[in-house]
Structures are given as structure tokens and as C-alpha cells.
Amino acid sequence: MADQSPKPETFELNNGTIQVLLTNLGCTIISLSVPGKDGVLSDVVLGLDSVESYQKGLAPYFGCIVGRVANRIKDGKFTLDGVQYTLPVNKPPNSLHGGNVGFDKKVWEVVEHKKGETPSITFKYHSHDGEEGYPGDITVTATYTLTSSTTLRLDMEGVPKDKATIINLAQHTYWNLAGHNSGNILDHSIQLWANHVTPVDENTVPTGEIKPVKGTPFDFTSEKRIGDTINQVGMGYDHNYVLDCGEEKAGLKHVAKVRDPSSSRVLNLWTSAPGVQFYTANYVNGVHGKGGAVYGKHAGLCLETQGFPNAINQPNFPSVAVRPGQKYQHTMLFEFSLE
């Protein structure tokens, strides 16, 4: 049979205010341009200059959807329904973001691309039983929609076929609201609707503890400049926050408000997921990006809403298992404004 696998291409969503460039390679946001205080459009996500650069693996998960399971699985091992599974240890000593060839490195099928006032695009990928060591076939879809002039919505879904599996998809965009090539994000301020964090061991895997942030450098319950406390947490922030105190809107919890004083841009993020990985690009070091930009440490920040890292091995964490007849669902809402 002839190879019918899709080719990597680029696609645009544009509603006259927000412009998003995407590729079906990893459902990746390549660029996202929104107006600042002067009405000038700036691209506020880190990215590379061509799909080929992403294919060569030159981006540290810029803008993509990671899976089958985002974040770290301790020692690349887990047990489900009495069977032990072993995954690639691609970030020793753990398995990270789905293994060697995670969903971010797959070319997804484009099922639908709508233009008009609320443009959208839907990507689909079928992950087979045993892929990267994971059990069970599962079909995943991701739909990006510009739901209003200043809002991007992402709906992710996973439907297992005939066998239980684990799934935890995360959108891994690196944001810099001053513009992707404007330097670091230390002057951005952030508020996180999280009273607790899941502390990590020396290999960045949660210990299982759920710890109050009050009185620690992890406390962003009121808005705070990132640069004020980042040097108190080792290389920077790379922690899962428990989303336990945000108001709800249309079934989604308030995750974060990010503000850049130089452009007046604000991003409010809402999700259906229980946690968010707040990551300050600690390992980005001289990455050659689009438009001649060179991205250094803290060039962007990630807000990866997710199930908790290593949840399959921590019975007190919300489950990431999904069984036939069940459906995995994860929605994110990105609202842009000026303040």
C-alpha cells in the first residue's frame, strides 16, 4: 500500500486581530502575533524559521503539543492493571514528554481548516499500541480556534480503542509578551491561581508531597515580578502548580495572568486540567530562532496545563489513566488584553 502519511505543512488562523501560524508537525504554534499598547503587532511566542528546523529537532519543544504523556515519568517505568511498562529514558534517569519520538515529532493529519470570523483548525493523530512503550491504541485530536478577536482556544481529546492507557497532553508554547526576540521574561509579572506546588527530587520528579506555597519563593498567589524570586529556586522555575483557587468560567479554571510592562500586553490562561507546569526556559541556551533571534536562558515562559507529572506512579495525584468507553479531554483558553 502506498504511504499515505501526511506531509508537514504550515497553516494560518487570522481573525484580523490575532494571527497564528501553525504546522501539523506536532500541532506546533510557530508564531502568534497580537497587538501591543501602540496597536503594533508583535509575535509573542518563541519559534524557529522553518518547518525543516523543527524536523531537525532544533527546538526544545517550542510551541508543540507533547504526549502521549507530558512531563516526567520516574525511571521510565509504570504499572497499569498489573502490567509493568518500560519507556525510553530520553531525559535520564526519566522518560520525558512521551519518549524519543513523542507526539511533538509526529506529523498529524489535518481534518478540518475553517476560515471566517472564528477560524479553526483540527489535527488528528492515531497512536498505536506499544508506541514508545505505551499500551493501547488511542486517537487524539487537537483543535485550535480563534473564538473571539482576542482569544485562542485549544481543545484536546483522546479516545482509547480497546485497552487502558495513560495520557496527559500539554501545549508547550514559550511566551514572551514583549515580543519573541525582546530578551528575557524577568520583568514580566505573573499571578498563579495555585496555593500549592508539587515539590521535586534532584531529578525534577515530584516527591508526592503537595506543599503550600505561602511564605516561599513559589508563591504567586498575588501578582509578582518573575525576576524578583527566580534566583531563589535554583536554575529557575520548572514546577507543577496545583490549580486549587481560581474562579471558574464556562467550566474552566483561571490558571494565570501574565503581564508585560513594556508592551502592556496581558495573557490570561484558563484550563480544565488540574495542574500547570510553570517553566522559565532554564535550559534554553543560544537557540537560533526565527528572524535571526537568538534565544538565551529565560527567553520565554511556559504555562503547560497538565495532569501532575509522574501521576501514574503517585496514587495521591489525579489519575491520568483512561479506559475504553472513556474520553480524555483538555481545554485551554488564552485571552489577550492590554493593561
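Backbone N, Cα and C define each Cβ position, glycine as well.
Because TrEMBL annotations are produced automatically, they should be read as predictions rather than curated entries.
Some features that TrEMBL has for this protein:
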BINDING   ASN71, ARG72, HIS172, THR173, TYR174, ASP238  beta-D-galactose binding site
ACT_SITE  HIS172  active site, proton donor
ACT_SITE  GLU304  active site, proton acceptor
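Annotated pair ASN71 (beta-D-galactose binding site) and the residue listed as 'active site, proton acceptor', C-alpha to C-alpha distance, rounded: 9 Å.
Only HIS172, THR173, from the binding-site residues ARG72, HIS172, THR173, place their Cα within 10 Å of the Cα belonging to GLU304 (active site, proton acceptor). In sequence order, LYS91, ASN94, SER95, LEU96, ASN203, THR204, VAL205, PRO309, ASN310 constitute the residues six or more apart from ARG72 (beta-D-galactose binding site) in its chain with CB-CB distances below 8 Å. Taking each of the recorded positions ASP238, GLU304 in turn and counting other Cβ atoms within 10 Å of its Cβ gives the largest count for GLU304. In this entry, beta-D-galactose is bound by ASN71, ARG72, HIS172, THR173, TYR174, ASP238, whose most widely separated C-alpha atoms sit 18 angstrom apart. The 10 Å shell around the Cβ of HIS172 (beta-D-galactose binding site) contains 25 further Cβ atoms across the protein chains shown.
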